[in-house]
Amino acid sequence: MGLTKQYLRYVASAVFGLIGSQKGNIVFVTLRGEKGRYVAVPACEHVFIWDLRKGEKILILQGNKQEVTCLCPSPDGLHLAVGYEDGAIRIFSLLSGEGNITFNGHKAAVTSLKYDQLGGRLASGSKDTDVIIWDVINESGLYRLKGHKDAVTQALFLRERNLLVTSGKDTMVKWWDLDNQHCFKTMVGHRTEVWGLVLVSEEKRLITGAADSELRAWDIDYLQEIDDPEEPEPKKIKECPGIQDTPESEDSTLEADDEKSEDRILSCSKAGSIMREGRDRVVNLAVDKTGRILACHGTDSVLEVFCILSKAEVQKKMDKKLKKARKKARLNSANEEEDPETSVSMTLQDEILRVAKIKTSAKIKSFDLIHSPQGELKAVFLLQNNLVELYSLNASLPAPQPVRTSRITIGGHRSDVRTLSFSSDNIAVLSAAADSIKIWNRSTLQCIRTMPCEYALCSFFVPGDRQVVIGTKTGNLQLYDLASGTLLETIAAHDGALWSMSLSPDQRGFVTGGADKAVKFWDFELVTDKNSTQKRLSVKQTRTLQLDEDVLCVSYSPNQKLLAVSLLDCTVKVFYVDTLKFFLSLYGHKLPVLCMDISHDGALIATGSADRNVKIWGLDFGDCHRSLFAHDDSVMYLRFVPKSHLFFTAGKDHKIKQWDADKFEHIQTLEGHHQEIWCLAVSPSGDYVVSASHDKSLRLWERTREPLILEEEREMQREAEYEESVAKEDQPAVPGETQGDNYFTGKKTIETVKAAERIMEAIELHREETAKMKEHRAICKAAGKEVPLPVNPILMAHGNISPSAYVLETFKGIRSSELEEALLVLPFSYVPDVLTLFNEFIQTGLDVELLCRCLFFLLRIHFGQITSNQMLVPVIEKLKETTISKVRQVQDAIGFNMAGLDYLKRECEAKSEVMFFAEATSHLEEKKKKRKNRKRMILTLT
């Protein structure tokens, strides 16, 4: 066997430079008993918990690979539900930061998550148009609600009734009866997508936000209240003065007429509209926990805040209005003998008042509201430019003014990072964007310097790591001092964008290339500072090489004899540095070369192009050694690992790949970024790689000591592709359901397939062991003595348990959320054995609840085959008897426990009442004593 080249694996080390991703929503979370101080923010595949007071990241909820799209804290504040791009939902504990519960049911990104009032159920809406209700306590799905024709945008539980209301991009608002999982009402009064909805006024009013500047209000009348004869007729609210009889309002009246027969549980009628100041669509619509503050925003940077008055406040307002109207009427009819009859009508504007506007520093992506203990309204915003802002507002004042109380900025750039560099000691990392330069400590990932700059395109640390040079989009060179964090000098270098710079190997100067078709050579020099007597670093231009095309990239050879220049005409030209004479032309790319690098020994040059290819050339003759199809989109950056012929490429396909330039092999792919990668940097030691992407994140990759074998890597890649294909296969057909309609809550994943395989293996083992035991009994009978039975090593590893107990342990080991899907994949040939074993287990009273759940599901999906199988008839008869008796026993035990808990509750309440009265009497006695003491003091003074 020949020697194989050994590579070392690079792994993801950390994500930094990111405050919050744009796809998800920001929410307040309760930590350490404090409300309003901590917020959870989506950060690519993770969730960051930020302390708003200190501006620090205090907890990271680790995700897998998919991007976070939705967050929802539980009512008790102990858990956080997180929805992902692939449709998965994970529930994290905010105490430990671990995600123990995973729900897989949606086929597309999760768009909405909402807990019910007690936190026992979770409703999730998705881009796959389905709504799924999950049982959080049992860690399983309850049912899937199908009806929307486009992505679901919002789902809300009603507090007092077992109902759910959902909105979607299909312009529909649907009401669901959760007792029978049926959509009993569809509201079709919207002409555009419904982006949000809230319930206010004790759930008797629904407010919806669509793709226009209106917030529509709908009155909800519940059946029980309509049927109650003692209930007075609700007041008819007039529509806003600005709303005419539009075709939409006609539609809503037609809808009301047509749906009278459908009003089994409730009826909806349009109450009017509130006009927003923004003209674009509603992005987010929310109400605070008190139900008094309503807020919404569009695609701009303004949050509009409204106050919803209570019945008493509205009545008070109406009384004032009526009094004013009567006074006016009396003045107008002073000559008439009879008092005129006056009446006032209540409009929607009397009930919902505009309070204030909160203007943020950038476009709002999401927000959340909370009331502080002092009564102030706090609004936290996740902005488009990687920023979190907190505003406070006292809504009780006549003209409240929002005040910005906190801001998290230092942890990231406001725009995409376009250039990265490592210091010579591998410790500092420079990142530069459109408005600022940041210096990061690689070990702590903390930002240690922030300096304002122009739109940066390229950068490097000056030898000595005390200064940095930036090349900008306007063609300037900017020189910064790191110790003071100041701009030393700005030099006009090029007439167009300065696309690339390369430090000379002798470290005395550098070369720049720009869009003005020029390559310029610069030397470092010391000049006297005007503001002080000390000398400072500066640069001076020495030579210029004029070319026929825009320069995109420049690179020195390590011996400083050659200079490679990439041009807009898709070629790379190589020149002698000393004479600037032409040496080689490297042509073959179909689109311009965006990046290139020369190996440490000067033997190879690798070029990456917008045509998605990487070409490896020899620098001696300019021959192309190999052309590699590297990425699925443009190759944006290319760097050799120091002192090797290995190089990294970064592409717009969100991937970083490592290649061997000698063997022309793909070594590994570093996946993590969710959008285009703009740049990367390799540390001088080669141990670290840092990359920047359009998803605003900076990622650090670290070289481990783990050897990477290419054959194993290819095998792992094939396994991953197979697992992906298994998950994409169609669901097994269930009798009674049409093809393509899946009303079960789960979906087929590789985990459910593996769970089904574990059940099959356990049943096979049970069959084998049962046969062995029969043989063993026959041998013992023939021998007339007890012969030792060989023990199965698997059973011995589980504590020398019986084969049937091993089957039960296998069922108990399957996740609750994956149980139904695993049973759905299980072939029918194993079902008779499973039913027989279930009968044994239930008779002994083992895990009755779990086994009944499995049993009823198997009976449901294999009903036809089970009933037609004569051999299973006695088993089913026995199961019928045992399940009824054992379930009753469990029911009785639960009833007894509930009665016991009720008794304890009453005892505690009685004790607390006694304590309350005891405290009250002691307070009264203390007050009497104080009064007596005061009287004595007064008497002594007199």
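The backbone N, Cα and C atoms fix where each Cβ goes, glycine too.
These features come from Swiss-Prot:
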| type | residues | note |
| --- | --- | --- |
| REPEAT | 21-60 | repeat 'WD 1' |
| REPEAT | 63-102 | repeat 'WD 2' |
| REPEAT | 105-144 | repeat 'WD 3' |
| REPEAT | 147-186 | repeat 'WD 4' |
| REPEAT | 189-228 | repeat 'WD 5' |
| REGION | 230-263 | region 'Disordered' |
| COMPBIAS | 247-260 | compositional bias 'Acidic residues' |
| MOD_RES | Ser249 | phosphoserine |
| REPEAT | 277-316 | repeat 'WD 6' |
| REPEAT | 412-450 | repeat 'WD 7' |
| CROSSLNK | Lys473 | SUMO2 cross-link |
| REPEAT | 493-532 | repeat 'WD 9' |
| REPEAT | 546-585 | repeat 'WD 10' |
| REPEAT | 588-629 | repeat 'WD 11' |
| REPEAT | 630-669 | repeat 'WD 12' |
| REPEAT | 672-711 | repeat 'WD 13' |
| REGION | 723-742 | region 'Disordered' |
| MOD_RES | Ser725 | phosphoserine |
What average pLDDT is reported by the model for the repeat 'WD 4' (147-186)? 93
Is the repeat 'WD 12' (630-669) packed against any residues at least 6 beyond its ends, judged by a Cβ distance under 8 Å, and which are they? 5, 7, 9-10, 591, 594-600, 604, 606-610, 612-614, 616, 675-682, 684-686, 689, 691, 693, 701, 708, 710, 713
For Ser725 (phosphoserine) and Lys473 (SUMO2 cross-link), determine the Cα separation and express it in whole Å. 45
On the DSSP side of things, how many residues of the repeat 'WD 3' (105-144) fall into helix, strand and coil, could you say? 0 helix, 22 strand, 18 coil
Of these recorded positions, Lys473, Ser725, which scores lowest on Cβ atoms within 10 Å? Ser725
Relative to the repeat 'WD 2' (63-102), which of 189-228, 277-316, 412-450, 588-629, 672-711 accounts for the most Cβ pairs at distances under 8 Å? 672-711
Could you check whether the repeat 'WD 6' (277-316) and the repeat 'WD 5' (189-228) come into contact, where contact means at least 3 Cβ pairs under 8 Å with the two residues of each pair 6 or more apart in sequence? yes
I need to check the long-range neighbours of the repeat 'WD 7' (412-450): which residues 6 or more away from its ends have a CB within less than 8 Å of a CB in the stretch? 14, 16-19, 362, 385-387, 456-461, 463, 465, 468, 470, 480, 482, 485, 678-685, 687-688, 690-694, 696, 698, 700
Which bits of the chain, at least 6 residues beyond where the repeat 'WD 9' (493-532) starts or stops, bring a Cβ under 8 A of a Cβ in it? 457-460, 462-463, 469, 471-477, 538-560, 563, 565-566
Six or more residues out from either end of the repeat 'WD 11' (588-629), which same-chain residues have a Cβ under 8 Å from its Cβ atoms? 552-553, 555-559, 561-562, 564, 566-572, 574, 635-640, 642-645, 647, 649, 651, 659, 661, 664, 666
Under 8 Å Cβ-Cβ from the repeat 'WD 5' (189-228), and at least six residues away from its ends along the same chain, one finds 150, 153-154, 156, 158-161, 165, 167-173, 234, 237, 248, 251-252, 255, 263-287, 291, 294, 296, 308, 348, 351-352
May I have the DSSP-based helix, strand and coil counts for the residues of the repeat 'WD 7' (412-450)? 0 helix, 19 strand, 20 coil
